[in-house]
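Per Swiss-Prot, these features apply:
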BINDING   Ser54, Ser65, Asp66, Val67, Asp68, Gly144, Val145, Arg146, Asn147, Ser148, Lys169, Lys173, Ser188, Tyr189  UTP binding site
BINDING   Asp66, Asp68  Mg(2+) binding site
BINDING   Arg121  RNA binding site
DOMAIN    237-302  domain 'PAP-associated'
SITE      Asp136  site 'Important for catalytic activity'
Amino acid sequence: MPPSPAVVGRSLVNSFKQFVSKDLHTRHVDATYRLVLDCVAAVDPLMRLYTFGSTVVYGVHEKGSDVDFVVLNKTDVEDGKGGDAATQVAKGLQADILAKLARVIRQKHLSWNVEEVRRTRVPVVRVKGGGAVDFDITAYRRNGVRNSALLRAYFEQNPPCRWLSMSIKRWSKQTGLNASVIGGSITSYGFNLMVVYYLLQRNHLQFVPPSTIDVSRVEPLPPHLPLEEPADEGLELGTQVLDFLHFFLHEFDSDKQVISLNRPGITTKEELDWTKSAEDFARMNGEKVHYQWCIEDPYELNLNVGRNVTPLKRDFLRRHLEKARDTALLTIV
């Protein structure tokens, strides 16, 4: 017998005591942003620096968490609804500008540890010891800015729903489901899409067309969004958590349906041609793509954010969803 919503809520609120006692204001990010912006200007004064990721989505920053930055040129910003090029040429241009930026950062901040990572899907510069905040920098990619702005637009509609998202994100890392953990398969971004999709299906949020998000109208460093403690000793949070788990265990049909914010209502695998035959065809072309747990990216065409979920990992996910129901996302032993 699963615990009641009240018990789940109290347990989760208790588990976040240390988190809410911290200074979660984004002012810590502001200082680092200005230092990095100074380095960007030294490379190219016309370049813009944007923040994306959880700091933008939630409007808070926990000390010790990494921050994501991206450098964009004037054309990227003016064409704020344009798609990101995924060619090898584009990847090379990203790596080149990041190499220049990495050199400037090393010159201006001798104590910072700067690592250039080229052999990834997206080239990135990773910086540790960046003042109070560690950060990653990518280049010429608007999708991260648009994704984060879209998710923030949803959470601004109903700010307390951030607690559901943060609870699911933390649980996903504890269970090893999160791609940030070795063996994990769904990114924090993917779990955020799952949370917002669930909230839309329950009419807790109003649909936001992804096409309305324009980088030219997004603030490079969005302001802090105060985070109030869950009301009613977490009763609403406990209710949402149990219903989220029930939804993905018993209502969402992973064999036929796609988690999608691209359009209202239900999206099917058949509509997107995310079928077993498409999976087999991709494998014949050397691509490791799975359509077992489908999460459609709002901006990157034909991208399944859940592409790393194999049949085995889908079963693993379901077992953890069942266990989460009985343990209040592992907060009740």
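Here the Cβ of each residue, glycine as well, is placed from N, Cα and C on the backbone.
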Assigned element (helix, strand, coil) containing Asp66 (UTP binding site), judged by DSSP
coil
Of Arg121, Lys169, which of the binding-site residues has the most Cβ neighbours inside 10 Å?
Lys169
Taking every pair from Ser54, Ser65, Asp66, Val67, Asp68, Gly144, Val145, Arg146, Asn147, Ser148, Lys169, Lys173, Ser188, Tyr189 (the record's UTP binders), the biggest C-alpha distance in Å rounds to 24
Whole-number answer please: how many Å between the C-alpha atoms of Ser188 (UTP binding site) and Asp136 (site 'Important for catalytic activity')?
16
I'd like to know which of the binding-site residues Ser54, Asn147, Ser188 has the most other Cβ atoms within 10 Å of its Cβ.
Asn147
Pairwise Cα distance for Val145 (UTP binding site)/Asp136 (site 'Important for catalytic activity') [Å, integer]
14
What is the number of other Cβ atoms found within 10 Å of the Cβ of Asp66 (UTP binding site)?
15
What whole-number Å value do you get for the CA-CA distance of Asp66 (UTP binding site) and Asp136 (site 'Important for catalytic activity')?
7
Tell me the coarse DSSP state (helix, strand, coil) of Ser188 (UTP binding site).
helix
In sequence order, what residues of the same chain, 6+ apart, have a Cβ less than 8 Å from the Cβ of Asp68 (UTP binding site)?
Thr51, Phe52, Gly53, Thr55, Phe135, Asp136, Thr138, Gly144
Spatially closest candidate among Ser54, Asn147, Lys169, the listed binding-site residues, to Arg121 (RNA binding site) (Cα to Cα):
Asn147
For Asp136 (site 'Important for catalytic activity'), the three-state class that DSSP assigns
strand
Other CB atoms, at most 10 A from the CB of Val145 (UTP binding site)
27
